[in-house]
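Trainee: Structure provided below as structure tokens; questions to follow.
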Amino acid sequence: MMKFRFRRQGTDPQREKIKQELFAFNKTVEHGFPHQPSALAFDPKLELMAIGTKSGAIKVYGSPGVEFTGLHRDTTAVTQIHFLPGQGRLLSLLDDNTIHLWELVAGPPREVGGVKREGVVYLEEVDSYSLPGRPGIESCSATRVTVLLLLRSSDLLCVGTEGGGVYFLELPRLSLKDSQTLLQDQVMQSLPDDYRCGKSLGPVESLQEHPQQSGKLLIGYSRGLVVLWDLTTRRAEQLFLGKQQLESLVWERSGNLFVSSHNDGGYSVWAVSKSNTYNHQPVSSSIPYGPFPCKAINKVLWRTTQTGSPVLLYSGGMPRASYGDRHCLTIQQDKDHVTLDFTSRVIDFFTVHSVEQEKEFDEPSAVVVLLEEELVVIDLQTPGWPSLPTPYLAPLHSSAITCSFHVSSVPPKLWERLVNAGKAQRGRQHAHRSWPICGGKNIAPPPKHQELLLTGHEDGTVRFWDASGVALTPLYKLGTANVFHTDCDPSDDPQDSSDDPDVQQEEEEWPPFRKVGCFDPYSDDPRLGIQKISLCKYSNKLVVSGTAGQVIVLGLSDERSDHVVDVSVVDLLQDREGFTWKGHDRLEPRLKPASFPPGFQPLVLVQCMPPASVTAVALHAEWNLISFGTSHGFGLFDYHRRNAVLARCTLHPNDSLAMEGPLSRVKSLKKSLRQSFRRIRKSRVSGKKRPITTPTSKVQEANAALAEQEDVAPIQRRIEPRSADDSLSGVVRCLCFADTFLRDGTHHGPTLWAGTNSGSVYAYALEVPGVGSGRVCERGGAGESSVCVEAVLGKEIQLMHRAPVVSISVLDGRGKPLPDPYEASQDLASAPDVTNAHSVLIASEEQLKVFSLPKVSAKTKFKLTAHEGCRVRKVALVMFGSAAQEDYCEHTLVCLTNLGDMHLFNIPALRPQVRYDCVRKEDISGIASCVFTKNGQGFYLISPSEYERFSLSAKILTEPLCSVQLDRPLEHTPASDGTTTPPPQANGTHKNPMGQAEGQTDESPSSLSSPILDTPLDSPLSGADITLDSTGEITVEDVRDFLTTVDEAENNLKNIKEEEGHSTGILIN
């Protein structure tokens, strides 16, 4: 039988123009806390903070929404950062001993939301420098930089080295001033003989400029010597002969004192006077946590106050034996003494205080502490020194992220209630002062709609984030542990005891520890981990499911409540014989009333048995139904009437691996080896069965090519069908509710669709009381509540290659996705077309396919694996608006593959539109964590603590647009082609050669990457060639119809004939 291919002659220029107005790929901003921070700096004039990372990134932060990102050419750790105050310049020192100068530069005017925005600023590297080696010394360690000091005049940079030398660089040119160089030999000549002893002074550990007299430096050497050096006279004015290994130095504001910290856990106060050249003893010395051996005090700060008592801050110094593993920062003022106890290592810290020369006191207002896993800000002006809530840089990974869910266009009422619930949570834990890092100005237009990002965590919490703009701000935290009995009883809340100082003193008198920060990587019970989340923004219903088969339905309440949570158990095995669960036990529900704070409160707990991890969940709040799936099957539950409607087991008879669970330790190595050998043997056998042709003439070659073309197209890969015996074939991958045609072509109603790992699709027709005869109510009447929801199996589809089903979506008569629950009934969206035949879009790992309903016949498909050699990982239906025409939009299928690229298809024809490289293919966790929004944006994890935000839409873009008032004129740096250079991303994309950074090209928008433009007409990517060949894919036996009666069969036959009369119009344009 001949196949006909319908092709357009060439591409349509009008269509290419529309695609450029719809689609554009950009990585816009990185949300969360920088991964592996290594350096910190603060500009007190501009009120900007900079953080450097081990991957060579520099991130500058100001007021919420003000962010700049810079990337060094090499992914080398940033060890130090220093601002040139007020100039918008900063210096960075890398681990490879190079010094780099960065500037905030003005970019070209940007048009955002139809408004021209000027003054947009970017961070750009302008110069770099590396110290030359000393003559006659082969090793370069002598000139390895240990410390940098920028003089107040900002025209000279002092560089301390490992060899004990101090070098001076002119700024901003970064040129060496040889005449000023101070070598250790010159200092040694000034030392008394008994101190010299033939020993080296060691590396330069600290450089500090005199606060009142410019040109005088404190130079601290590792051995303990501190020199007050005069740059003008080039001589040592005073020497402080310390004998303990030095860690850091700090001046007192008047310049009469300085403080040194040491490696024995002590600090010393030294007096500066002109009477004595040599100073052998400090004014005072103290080991705060002695007398037993203590760890080093790495950094010390001394800040004066008007009250007379200075504020002393230092990191480290803990007793080695008792608390050597603690990460601490101590704050002392008079009799007040607090040891801040963190859960991760202290990288650096600074105080926000007065820096004007005419002011007499420092008057510190806050201390900012950069930790390895979070940023903590302590208010020093409020009694008790409470912590400040962070409007950005919150640690997303305070407990490991396990899943995420995005909600767009959040109703204002829901938003307000969430904000109030979050304020009630934070009210007693944090201070209410303003955020001290408030430099710059956010000139981006305010978001038109509020967006929520929900993250599920390993400790059983769900965190709600404001994802409307550049700053990802925490709104509210929901805990689920108090629904269960766990090892750590939530009633013994550690936060409560921290509010009562008397209780804390009884627990531990010395050191006076106070737990600070929210990073807590340890989970009390791994079974609490959240796996799937679904939120209905119109009914305020939330479903969260976890690792131990728990599914919790929650409702939003503004009042505290004490109640018992209803519990229902659903057995998904349905008494099957031969299966024994070897995994973890289920969580024990709390049977006594528990207290739930304002916010989302649990209504009912559904426990799946066996208690395997929940792999899919769906919520239809209008029907009061939830569906959930595990590796054993799926269930349907009516949370209004509190009864289980359906439980279906999807296990294959040989699928015993599903009974062992993710936390089981009894997985059989023998079985794994046996399965591996079976696969190898099967591949060898299948390889031997293929005919090997040895053509001897051109005719035979042509015949062989034709014969092979019958099985696989010339540019397609051969796809081997998967074995039904593969382990975990019964895993439920996706669930979907839809009001569509399943029984016949004339009556539509509620349905439930489920797809499994073995390519099986189950479609159930549902009888929901009140649906069909009018609008369903949230709470039915007395007569309605006695009627139960019923589910009847309607169709069962088996995909031939048994590829896992990734997504199922039902399209209406116009080929558009069905609206969400409540959207059509409350006139929030246009009603779906029910006059024409519906279709179902099934995305497996290997291909995308559209079937007509209710007869389930193939309409069109795209073989992604055969064409591209990749597998589908994530699928979403997205509405893209045109950047040029306000009222034009298209529904598009977005597909993320295991190679990290994005494929966009129109629906229902499944014509490829564009393809972008988004995630590195090696970044498996990034691909697995990707979540799409409904307006063309997305998020994926680039590290355990950071989300990369990207946009596929030419119209919708959330990116930093900032301006800063500087002490110098801003230089404009327009891009060479007149377009705006996007800000760099700190996820390694800058390493891509040829100026292309993972999908970001230097080409103008007119040269948008399009498979139709860049590929020939006979390519599978060409939208001009859509071939429908359903042979070998799905047969009559593969679709079993469980609902058809004799009368319905006649109606269906009539409907089929009518559909066939105009079906070609859907397939070919």
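Glycine is treated like the rest: Cβ placed from N, Cα and C.
Curation plays no part in TrEMBL annotations; they are all automatic predictions.
Pulled these features from TrEMBL for this protein:
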REPEAT    71-104  repeat 'WD'
DOMAIN    286-386  domain 'Lethal giant larvae homologue 2'
REPEAT    452-466  repeat 'WD'
REGION    486-510  region 'Disordered'
COMPBIAS  489-510  compositional bias 'Acidic residues'
REGION    969-1026  region 'Disordered'
COMPBIAS  976-990  compositional bias 'Polar residues'
COMPBIAS  998-1012  compositional bias 'Polar residues'
Trainee: Sort out the residues at least 6 away from either end of the repeat 'WD' (71-104), same chain, that have Cβ-Cβ distances under 8 Å to it, and list them.
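Mentor: Same-chain residues near the repeat 'WD' (71-104) but 6 or more away: 38-46, 48, 50-58, 60, 121-131, 140, 143-145, 147-150, 154, 157, 159, 169, 171-172, 174, 355, 964, 966-968, 970-971, 984-986, 988, 990-991.
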Trainee: Per DSSP, what is the residue count of the domain 'Lethal giant larvae homologue 2' (286-386) in each of helix, strand and coil?
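Mentor: Here the numbers are 4 helix, 48 strand, 49 coil.
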Trainee: Per DSSP, what is the residue count of the repeat 'WD' (452-466) in each of helix, strand and coil?
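Mentor: The composition, in the requested order, is 0 helix, 12 strand, 3 coil.
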Trainee: List the helix, strand and coil residue totals of the repeat 'WD' (71-104) as derived from DSSP.
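Mentor: Its residues divide into 0 helix, 21 strand, 13 coil.
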